[in-house]
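Database features (TrEMBL):
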TRANSMEM  B:29-50  transmembrane segment
TRANSMEM  B:62-81  transmembrane segment
TRANSMEM  B:106-128  transmembrane segment
TRANSMEM  B:135-153  transmembrane segment
TRANSMEM  B:173-195  transmembrane segment
TRANSMEM  B:226-247  transmembrane segment
TRANSMEM  B:280-302  transmembrane segment
Amino acid sequence: MQAVLQNTSRYLSGGRSGHLIVIGLLVVMFIVGAVLSDRFATSNNLLNVYEQSAGLAFVSLGQTLTILTGGIDLSVGSIISLVAMLTSGLINGNPAMVLPVVLFVLVLGTLIGVMNGAAVVVTGVHPLIVTLGTGAIVQGVALLYGLGPTGKVPLNFDTFAYGRIAGKISIGATIAIALFLLVWFILRYTRSGRYVYAVGDDPHAARLMALPHKRVLIGVYAASGFFAALTAVYLVSRFGVGQPYTGANYTLASITPVVVGGTMLAGGRGGVIGTLLGVYLVSLLNNVLNFMDVSSHFQLVVQGLVIILAVSVYVEKRRVA
Amino acid sequence: MMSVSAMPEKDATSGAFVHTKLMPILTHYGIFLFLVLAILVSGLITPAFVSRDNISNMLMQLAPLGIVVIGQAFVILVRGLDLSVASVMATSAVVATSFSGQNGDAAWVVLAAISVGIATGLINGLLVTKRNVSPFLATLATMIVLQGLRFAWTQGAPSGNVPPFFRSIGTGAFYGVPYNVVIMFIVAIVLAIVLHRSAFGRRMYITGGNPVTAKLVGISSDRITIAAYVICGALAAGAGLILSGFVGVVDNFVGRGFELDSIVAAVMGGVALSGGRGTVAGALAGAAILVVISNAVVMFGLPVQLQTIIKGVVIVVAASLYVNRSH
């Protein structure tokens, strides 16, 4: 037990030097942006980048947890789509329904996550295949609920996405930071948090030491489902309505910040702070590319190259260590 | 559904018979039994399902997926995964529209498209073997890069035409057998011989089954792995051409969903994600089941959305049956 905890803390500190790479890239990106345009380094632009990072931040927070256990959640996109449709569909413009519906969909997302985790634990099938399957099911249910944008939300529902503290600091993005810090604390200082690393680092050893690995797995997929649902509520707040493909791009997009932030797909190494930096890196990168007048098409190319670059760097580190 | 064929042996009282006779048969041929059963049941519910037209229709839908799933099976056999196949398919289809659109260019189109597939496979293979990048991320990255290049090249919407030659390959038939199905079976037979009868195939199984053993017996597992990704890329490019001929219209997303469908079909067909286990015939049967399910839902007059839901259920159930058997 002690050994596992020591190991995991060693990995955590290894993760911190990984943070330096991402921070370095953020600084480089900032300098490039500032050189490119006078409007880049203004508080206005940077606050916008901050505001726009919220959606990606929520979903990748949950994804980090599943990847830390050596799994992955490919159903988040479908969960976002279904929950987004239910949010605007059930509220349907009625202010009195906002609170109950938001609570309901957050619980629903969590329950879908619990089912994902249970399916992983019970069947023993690789999470990639399990969540691919459950993702297809959830997407099908979303399409049964409606084939296009469904329902509407009250006007002030956009506070979550567009509200600003003192007219400057985005509320949604700040909530995201708070949640990242909360999860970071849980991972770092609670027993359950250490178990997440232990299960991901060596599932066999975790089982031998009688760690509650089944509960840990169900827990991380439940968290992933919850954060996917939260992303959905955010997106409805931002766009005013949910439609059956609201979350389609988020499944793969949620993985990029995680791996760029230094969390290994093999599990057991990395952490949420790296992911948060990864989210900011992706957001800042898109912003800089906009200033460079790079077409949105080439932005994809750059994103793909960043993934290759990032994973190559981290692999190199592992070999040296 | 799977349980229809799997249930009886659980109720049987003679356990020895079950374990020595029935289980091996189910393990090896369960997927084929299920395919036959699915076709029979669907035919009983809706006779039109087994009509000549509908079977020909399903075979035409099967051809592109069948070709991709064989490549996917090769990659999974060596413990890999290829998420870039759909992106390769779309890119190959866009390549097909980037020439004059006349039959005179058909050979160049094939050459250019297959080259794109081979190049992508080579990059995937090199990233996985030489840079030790996880297959999931390596192929995810090439998928995104290809998509971006495609968008930039076409400025969002491809405009050219597919040479009529591909149109006739994609939709024409030879004495009632669609051309693209003939191509699929030729590809399947050739690659089945390569996999199950050649030294290369044997090396693939050893590499996927146990890389350490592979190294000890002097197999360059890097080279075998790269070859698997290259074969997969080339097949995906070919499938993209066939699909563009079948659909007739090319957009930037030809083959959308094929990356997941091909993985699912391969896994359903008994290709183990842990590597070293699986056959070409099994993978094809997995693909056929996906096509049968999609088609049956439409023929039964059920809501099309059920396609996705049933597919999801079948994936998880089928995959879990394989896991339990291996224990």
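Glycine too: its Cβ is placed from the backbone N, Cα and C atoms.
Curation plays no part in TrEMBL annotations; they are all automatic predictions.
Between the transmembrane segment (B:173-195) and the transmembrane segment (B:62-81), three or more CB pairs separated by 6 or more residues in sequence fall under 8 Å, so the two stretches touch.
Distant neighbours of the transmembrane segment (B:135-153): 75, 79-84, 86-88, 90-91, 94, 98, 120, 123-124, 127-128, 252, 259; these residues of the same chain sit at least 6 beyond its ends, with a Cβ under 8 Å from one of its Cβ atoms. Here the transmembrane segment (B:106-128) has Cβ contacts under 8 Å with residues 80, 82, 84, 87-88, 91-92, 95-96, 98-99, 134-135, 138-139, 141-142, 146, 163, 165-166, 225-238, 240-241 of the same chain, all six or more residues outside its ends. When Cβ-Cβ distances below 8 Å are used as the criterion, the transmembrane segment (B:226-247) is approached by residues 60, 63-65, 67-68, 70-72, 74-75, 77-78, 80, 82, 84-86, 88-93, 96-97, 109-110, 113-114, 116-122, 124-126, 128-129, 162, 165-171, 180, 183, 187, 191, 200, 204, 254-255, 258 of the same chain, each at least six residues removed from its ends.
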